[in-house]
Ligand SMILES: C[S@@+](CC[C@H](N)C(=O)[O-])C[C@H]1O[C@@H](n2cnc3c(N)ncnc32)[C@H](O)[C@@H]1O
């Protein structure tokens, strides 16, 4: 089995909060190294788990890692984008689910494989695709997207203060010759950030790389579409657990969950709220769940992780 070193974040907390019914139908939307899938499957008797990943490497690894669970038909792997949740599940005869877990973002192997172009620490062709068959990659975004689109993604998805300067520097550099590698891009980004600011707030390319990665994989669009489908497919008492790693993802999940669990605007002075106006969902925890101290010591990625859970109540 090829090595796939990913330490699962909020493993027990996410699965515990799904309140798994041993005979239920579950989905792991983000299989990765299979940590959540393995634990969830161990709680099933006659239940079934469908595990999604769009990355071939994750699917290949788990054919071995989850071999027993696959052979006993407790788990099946689906190589697909989780934005196609409903269609992919309908194709295998599943119309409704009792729970789903999302552990968003990239896995450590994706980040640490120098050749995939996710990291500013390794020199590699500009790529950043989670799905190796997708056509849009970071090279296209950096070399072909307009100045305005670059500025928009850097500012919106990277929350980069120097978005305009960086977009301008990219535009200037690519007029000379195409930008091909991560290190070329890092140098361009560095050159656009004022000297004083380069020394604060982590690696100067961190925010821009996050922004380009989110754009290449349309990460926020996929989460929004998928969550809506998951909410629609959820059985009563079923739960959705989502682990996010940055404020944009978390805000999206928080807002969607809030909309689903709130009462609609009602005329003031209604003595009783009519039953059909009650929300169909409730928040399992008002505040997000964070990693405990022990996990924070063991795993750097856990520091930015937040877990939110919603339950269908009717
Ligand atoms: C943080 S890792 C998940 C780790 C996993 N929970 C574990 O225990 O090892 C995220 C995984 O989700 C996958 N992924 C991210 N966005 C996806 C999407 N839109 N559709 C399908 N898979 C996606 C990535 O390819 C990656 O393997």
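Keep in mind that glycine also has a Cβ here, set from the backbone N, Cα and C atoms.
Remember, TrEMBL labels are computer predictions, not curated facts.
Note that the structure is predicted; figures quoted are calculated from it, not measured.
Quick look at what TrEMBL lists:
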- 34, 35, 36, 53, 82, 103, 110: S-adenosyl-L-methionine binding site (BINDING)
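When the record's S-adenosyl-L-methionine-binding residues 34, 35, 36, 53, 82, 103, 110 are compared pairwise by CA position, the greatest distance found is 18 Å. Close to residue 82 (S-adenosyl-L-methionine binding site) in the fold, though at least 6 residues off in sequence, lie 29, 30, 52, 54, 102, 222, 226, each with a CB less than 8 Å from its CB.
Here the binding-site residues are 34, 35, and the one ringed by the most other CB atoms within 10 angstroms is 34. For residue 53 (S-adenosyl-L-methionine binding site), the number of other Cβ atoms no farther than 10 Å from its own Cβ, over all displayed protein chains, is 27.
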